[in-house]
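Per TrEMBL, these features apply:
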- Lys7, Tyr8, Gly9, Gly10, Thr174, Asp175, Arg185, Lys210, Val211: ATP binding site (BINDING)
- Thr47, Glu74: substrate binding site (BINDING)
- 269-354: domain 'ACT' (DOMAIN)
Amino acid sequence: MPLVVQKYGGSSLADAESIKRVARRIVDTRKAGNQVCVVVSAMGDTTDELLELADAVSPAPPQRELDMLLTAGERMSMALVSMAIANLGDSARSFTGSQAGVITDDAHGKARIIDVTPGRITQALADGHIVIVAGFQGVSQNTKEITTLGRGGSDTTAVALAAALDADVCEIYTDVDGIFTADPRIVPSARKVDRISNEEMQEMAASGAKVLMLRCVEYARRFNLPIHVRSSFSYREGTWVYPATVEGEDDVEAPIIAGVAHDRSEAKITVVGVKDTPGSAAAIFTLISEQQVNIDMIVQNVSAVATGRTDVSFTLPKADGQRAVQALQDAKAGLGFESLQYDDQIGKLSLVGSGMRSHPGVSATLFQALADAGINIEMISTSEIRVSVVTNGDLLDDAVRAVHTAFGLDSSEGEAVVYGGTGR
Ligand code: ADP
Ligand code: ASP
Ligand code: MG
């Protein structure tokens, strides 16, 4: 019997009615002759609400307790979905991440799955049950503590289980019809794509397209697993994220540009008046890495001849911004810079497409589109299949729409549908 893994996101499980609707879909899949293993996220914006609650009782809650709190969200969903299935006369068994055998490292809040031992799931499936697993959570191999996988982590749970169970299909159900050429909440004319390569989806996810968590796409690539992203609110065919084509063999049907992603989660620090001597950059970025902060873009200007000094700018997650500024400020005398500037009102736009490798002029069209829209570019970075620019945060939505149009990505078939969710 085919084995289907399905994941339902929070927007598909927002209230009792939604849970009943999802239960009906799951039962239908079972009735169609499949074994079904379902991964669920927390209902609606529960995870955000739990984070706010934690913040209200403590500005810096212990990571262990935060994970204990957040995993409760997915536990609620798994039990409620199981109950709704029972109410439809079918039998379901729910399991926490730990019970499902999702083994992680011990990094609370951003744990990595290192092994999956799904013995209890295989047994429950063999016994004829539908299995419901709480996403986003696991148990640390070393500390035996409960961990969470990072925001959007249920996507990764689904792919990891699909790989471990050798599933025939891995379906990610969400509140839009699939992967679009841009976030349909910002670009209503965005077009749904039928297929996208895993490599392009990785760049989209890394550039802020949260429709799939980056780790989940990486995991699927490692296990050569296709993912079907689709809506739980419609029966339309979604988007297939397919594993790499054979090395050196291009997908001739693929468009040059896969899509435009945006990210509002970063801030920019400029270290002004850094001595332009060997070791200056090393000293700054050693200090930053000691704070466990991940840097994204870096720009260093040519130094002024008169002063022999230069400016170094870099972007980092907003959440780490104040910590990094404080660390630099504390080390000001030793590092020998003049001043610091901090800007958390920036936005990053990324254009992604494997066709960039063989088509020159992509950057020129991008920069011209931004110029025509009167949008200033503050930083630029590129990879083989991506060009990213930092702009003023208030102008980011306009920038995304302008670039989407300039690359001919607008749909001629009417507006994209966003079925639910708050976009949080
Ligand atoms: P879920 O609760 O199902 O996990 P998410 O909110 O995490 O859903 O992800 C779905 C959302 O991702 C969509 O509602 C959409 O706003 C956003 N999104 C961003 N970029 C894209 C894109 N390129 N294609 C589709 N959705 C996107
Ligand atoms: N509930 C978690 C979150 O909101 C995990 C998920 O939805 O995938 O990030
Ligand atoms: Mg998600």
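Cβ atoms are placed via backbone N, Cα and C, with glycine included.
The structure, with features from TrEMBL marked on it.
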| residue | record | DSSP (3 states) |
| --- | --- | --- |
| Lys7 | ATP binding site | strand |
| Thr47 | substrate binding site | helix |
| Glu74 | substrate binding site | helix |
| Thr174 | ATP binding site | strand |
| Arg185 | ATP binding site | coil |
| Val211 | ATP binding site | coil |
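The candidate set comprises the binding-site residues Lys7, Arg185. Of these, Lys7 has the most other Cβ atoms within 10 Å.
Secondary structure of the domain 'ACT' (269-354) per DSSP (helix as H, G, I; strand as E, B; remaining residues coil): 29 helix, 32 strand, 25 coil.
Taking a Cβ distance under 6 Å to any atom of ligand 1 as the criterion, the binding-site residues Lys7, Thr47, Glu74, Thr174 reduce to Thr174. Checking the binding-site residues Thr47, Thr174, Arg185 against ligand 2, the ones whose Cβ sits under 6 Å from it are Thr47. Separating the Cα atoms of Thr174 (ATP binding site) and Glu74 (substrate binding site) is a whole-number distance of 16 Å. Residue density at Thr47 (substrate binding site): 25 other Cβ atoms are found within 10 A of its Cβ, drawing on all protein chains shown.
Within 10 Å of the C-beta atom of Glu74 (substrate binding site) sit 30 other C-beta atoms, taking all shown protein chains into account.
When the Cα positions of Lys7, Tyr8, Gly9, Gly10, Thr174, Asp175, Arg185, Lys210, Val211 are compared pair by pair, the longest gap among these ATP-binding residues is 22 Å. All protein chains shown were included, and the count of other CB atoms within 10 Å of the CB of Thr174 (ATP binding site) stands at 27.
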